[in-house]
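*Asks:* My structure is below; once you've seen it, I'll send some questions.
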Amino acid sequence: MTSRTRVTWPSPPRPLPVPAAAAVAFGAKGTDPAEARSSRGIEEAGPRAHGRAGREPERRRSRQQRRGGLQARRSTLLKTCARARATAPGAMKMVAPWTRFYSNSCCLCCHVRTGTILLGVWYLIINAVVLLILLSALADPDQYNFSSSELGGDFEFMDDANMCIAIAISLLMILICAMATYGAYKQRAAWIIPFFCYQIFDFALNMLVAITVLIYPNSIQEYIRQLPPNFPYRDDVMSVNPTCLVLIILLFISIILTFKGYLISCVWNCYRYINGRNSSDVLVYVTSNDTTVLLPPYDDATVNGAAKEPPPPYVSA
């Protein structure tokens, strides 16, 4: 009985890859260089593409974080600008103690600008009438000539030199009132300053009169005695008690000073209104370095720069 034994021959070894140059030398068809480069690029791009795909969520996350950071910085800058514009006028202006008395309205519920125009026109009319009277008196002295008996002794009413001075003062007052009216109408604050200075000077003179009456009450009696005998109500005033006369005169001067002070405040408020209207608003700009805002973080820039690798080198056949 014969037994069969199975003999297994070893498989032939796998042929080694022949280099392209040797294959061409022996007449075999070698691999195309372009195909070799493309296959090698695909083999090398496999891990690289896998790495890029793995880093894609991280890049997207960093891009979203960078975009969110830019939006947060932009909103912060806008809020800072708005807050600076809101607080800049109050912070840059010096608040004076008399600011609480500032108002845009005056008597008869009219605007301070309208009140200043009316006040300037009123003073202009009064000084024009005074100027006409003085000019007519200078042209015809006999019309305003008073005899010594009418004036009560050696009392000279007004000579030519005083008349010329009064005419010059009236002309100056007409010019000042016209400037104030024009400045209030055309909203030019500098034109109102001379009229305001005149009001301050007039107020100071009235204050000096009040102080003189308060310190020297007997001067009133002496002044009344110097008046002509035919002066209206001269004897009635002389018969009044000196103390009561002083109190009446002080009360009258106080009313005049209060009224003049109110007119001064109206003109001053008009000046402030026109000056504030013509002055440009203060703009506050919050500047920042735009390059630091727009540039990405350093880590993201280095990661993105490392991801962009150069293409594989060209291999000649």
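Using the three backbone atoms N, Cα and C, a Cβ is placed for every residue, glycine included.
A quick note: this is a predicted structure, and the numbers were derived from the prediction, not measured.
Taken from Swiss-Prot, the feature compositional bias 'Basic and acidic residues' applies to 32-59. If you look up Swiss-Prot, you'll see 25-73 marked as region 'Disordered'. What Swiss-Prot lists as region 'Required for NEDD4 interaction' is 205-221. Positions annotated as transmembrane segment by Swiss-Prot, on the basis of sequence analysis: 117-137, 163-183, 191-211, 244-264.
Walk me through where these features lie, including what they touch and how far apart they are.
*Replies:* Listed by sequence, the residues of this chain that lie at least six past the ends of the region 'Required for NEDD4 interaction' (205-221) yet keep a Cβ under 8 A from its Cβ atoms are 238, 242-243, 245-246, 249-250, 253-254, 256-257, 260.
Sequence-distant contacts of the transmembrane segment (163-183), counting only residues of its own chain at least 6 positions beyond either end whose CB sits under 8 Å from a CB of the stretch, comprise 116-117, 119-121, 123-124, 127-128, 130-131, 134-135, 137-138, 189-192, 194-196, 198, 267, 274.
Counting only same-chain residues 6+ beyond the ends of the transmembrane segment (244-264), those with a CB under 8 A from a CB of the stretch are 107, 119, 196, 199-200, 202-203, 206-207, 209-210, 213-214, 217, 220-221, 237.
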